[in-house]
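Note sheet for the following structure.
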Amino acid sequence: MTIESTNSFVVPSDTKLIDVTPLGSTKLFQPIKVGNNVLPQRIAYVPTTRFRASKDHIPSDLQLNYYNARSQYPGTLIITEATFASERGGIDLHVPGIYNDAQAKSWKKINEAIHGNGSFSSVQLWYLGRVANAKDLKDSGLPLIAPSAVYWDENSEKLAKEAGNELRALTEEEIDHIVEVEYPNAAKHALEAGFDYVEIHGAHGYLLDQFLNLASNKRTDKYGCGSIENRARLLLRVVDKLIEVVGANRLALRLSPWASFQGMEIEGEEIHSYILQQLQQRADNGQQLAYISLVEPRVTGIYDVSLKDQQGRSNEFAYKIWKGNFIRAGNYTYDAPEFKTLINDLKNDRSIIGFSRFFTSNPDLVEKLKLGKPLNYYNREEFYKYYNYGYNSYDESEKQVIGKPLA
């Protein structure tokens, strides 16, 4: 397998540039221990869905080149992308999975490249729930499932009914299967693939977050009834089960307290304080997670939030409860070139800063931040295409190139 040189990524000449003040002398480039590993700097690539796997969910040669390029600076933590934990968890074309041997073998080749660069890897386990594609699931004989039969918008209801795959609530037996079989199977394959960490996606309106949120959880059993303890029960069960599988020091969790993405209501401090208290109790008993990835209130899903709408929202409550590491992510470039917010947030010695959108257009982002080189602005129009154009290359011929499975 040939891996492309990082020098082959040339953006269009009219790409907007963002000026950067050199950050090499800041805490951003000081080491931090994450689980059993010491990262020599505090920059993480946080997950970006890009649809470049093969159509049957096997990581591709395009992804190998992509992650190799973004792990070139030693010690970078690469959290690959949202990755299906099971077939029932989602079946969108060209999204990678980590639930079978072929997928694990392909991810292993990507991890070998990341580790060969002296960097680290984490996989984000994804379960879509009510925002999955009803027709694609129907075509594979799979149900559209959620905490409750509450669609996230009118169009999703229309499409589900047209597909003959209407949304229904998970049974308690199905929930047990998700906890005891589906997530552990994905986590075991992640270990076989060589990932350093396994991150549970508990944010942005996907299945585990749907249980947390009153807009999507109308259950009347032990997973609902409006109580915080019940709504957080599934998430904490998944955490506890995966601690058994991968070990706490290799396990992580992503949360988005202020997101209102995909029909969700803002959850805020209350339920997330409870979750963090529960995780801290586990840490106090020797089961501390590697990190918690927390989305800043500057972002909700794929959208930036105005300064006006951010008022009264802060993640400071979380840093007072959880004493372990945080990955803090969400539009840290908004005050470039000075990056005052980033520098201030690093005063908390347990913080790593996550970037995603600007990593898509700057494979050498870490070096640019260190040396103060301008950043290429990202091209959102090419985020969710299947071809290589806008991913590893801006050569027009790459619009004909689709990823080939690595295994």
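Each residue, glycine too, has its Cβ placed from N, Cα and C.
Within 10 Å of the C-beta atom of Gln124 (FMN binding site) sit 24 other C-beta atoms, taking all shown protein chains into account. Among the features that Swiss-Prot reports, FMN binding site is placed at Thr49, Gln124, Arg254, Arg357.
Reduced to three states, the DSSP call for His201 (substrate binding site) is strand. There are 24 other CB atoms within 10 A of the CB of His201 (substrate binding site), with all protein chains counted. As annotated by Swiss-Prot, substrate binding site applies to His201, Gly202, Ala203, His204, with the evidence given as similarity to another entry.
Sequence annotations record features per position, and here Swiss-Prot assigns active site, proton donor to Tyr206. In sequence order, Trp126, Tyr127, Leu128, Gly129, Val131, Gln262 constitute the residues six or more apart from Tyr206 (active site, proton donor) in its chain with CB-CB distances below 8 Å. Secondary structure at Tyr206 (active site, proton donor), as computed by DSSP, is coil.
A simple way to gauge crowding: the CB of Cys225 (site 'May interact with the steroid') has 13 other CB atoms within 10 angstroms, across all the protein chains here. Among the features that Swiss-Prot reports, site 'May interact with the steroid' is placed at Cys225.
Shown in sequence order, Ile200, Gly205, Tyr206, Leu208, Asp209, Arg254, Leu255, Ser256 are the same-chain residues outside His201, Gly202, Ala203, His204 whose Cβ sits within 8 Å of the Cβ centre of the substrate site. It is His204, among the binding-site residues His204, Arg254, whose Cβ has the fewest other Cβ atoms within 10 Å in the structure shown.
A simple way to gauge crowding: the CB of Ala203 (substrate binding site) has 25 other CB atoms within 10 angstroms, across all the protein chains here. Around Thr49 (FMN binding site), a 10 Å sphere centred on its CB holds 18 further CB atoms from the protein chains shown. Take the binding-site residues Gly202, Arg357: by the count of other Cβ atoms within 10 Å of each Cβ, the lowest one is Arg357.
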